[in-house]
């Protein structure tokens, strides 16, 4: 049996080796044929591209624009907005990341070849003429260089040139903050030629609209992006007329942050100051400490609200609201000071009035015992004792002094006639009751007018 297996292997061995050799040779042949096809074609194209570039740049002068002295060079521009933000209110600037593309025709770069276009690296940028475009309102600008310079140069066989690059620009945006924080802004990005006037370079928008990336990746934080506009205009200067291109980005502020940080605390502080109207007027420490605390709180809120703004000379919507809230809080404190002052002065005046109405000392000695009793009774029971809580009684003795005569009429002789005409009777002890109605009503009316004016007008 082993002998038969050995004979079978010897008989089939040459056939297996022959088949393996044939398959190996076929595999090598296919690989070589594919490899030759893959290598030879790019090699021919590379040689052709090198010859084209050498011939184009042989007598090319990159210091001269295309068609110089014949006609102006038309530059078609396009912008792709990669991201916008953040926006700095204090510095009045915003950051934008864009892909900036410029297209023009240069007859000196025409070539005849089977190649439709040549896509070149950044080394060729410095060897041909490119527009001297600059951004007029940029404070700082950076071109991206990682991992290689983010620039593209493409030349078509008809002389068309495309030059794109990625830029991050910190541009100036003059914010008008009168309606802060319900404000809207239009932040421009302005560019033009630095040295060529309109007679030599004319900028045109390649498309009517500008593309933007997904806005969810933008870092606008306090703002919402509402739209953009692209325009062109002619700027007249002493050096000539220049084509100026502008892209305006419309932004509206989100006021949720400021509502939580400023508006709601101010409203609650004003409401808290009204609590003193329900505290007894003889609780001087409680009412005074509450009034001073609310005034200091409003001072702190006013300082914090200005922290997010530049030092502008005009009043903003938030400044107006905080100032009015401060006035309400301060008025609540002054209300108790006025009440305490008037009530404190009323008691000495009443005491002096009672003394003035007492009969002279000699009049008390009367020959009749009954008369003495009458006089004593008069002394004991007239004028009647008036409790402090009954100061608002219309029949209470009249206050003497300028306060009484100026602000209300309480003298019996002037209840009718010229003294009463045009006067309003005000009860001092009811000043807290008046304030409980007046302060909330006035503050509510102010809020209605304020929010309608700034949100809808």
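Glycine too: its Cβ is placed from the backbone N, Cα and C atoms.
The structure displayed is predicted, hence computed values, not measured ones.
As annotated by Swiss-Prot, signal peptide applies to 1-21. Annotation comment: Swiss-Prot describes 22-256 as topological domain 'Extracellular', evidence class a curator's inference. According to Swiss-Prot, the N-linked glycosylation site annotation covers 35, 112, 230. What Swiss-Prot lists as disulfide bond is 173-187, and the listing cites similarity to another entry. Positions annotated as transmembrane segment by Swiss-Prot, on the basis of a curator's inference: 257-279, 283-305, 317-339, 434-457. Taken from Swiss-Prot, the feature topological domain 'Cytoplasmic' covers 340-433, and the record attributes it to a curator's inference.
In this structure, residue 230 (N-linked glycosylation site) is part of a beta strand by DSSP. Sequence-distant neighbours of residue 173 (disulfide bond) (same chain, six or more apart, CB under 8 Å from its CB) are 87, 92, 93, 94, 137, 185, 187, 188, listed in sequence order. Long-range Cβ contacts of residue 112 (N-linked glycosylation site) within its own chain (separation 6+, distance under 8 Å): 157. Its Cβ placed at the centre, residue 230 (N-linked glycosylation site) has 17 other Cβ atoms within 10 Å. The stretches the transmembrane segment (434-457) and the transmembrane segment (283-305) are not in mutual contact, being linked by fewer than three Cβ pairs under 8 Å (pairs 6 or more apart in sequence). Mapped onto three states, the DSSP output places residue 187 (disulfide bond) in strand. Counted within 10 Å of its Cβ, the other Cβ atoms near residue 187 (disulfide bond) come to 23, all protein chains included. Secondary structure from DSSP puts residue 173 (disulfide bond) in coil.
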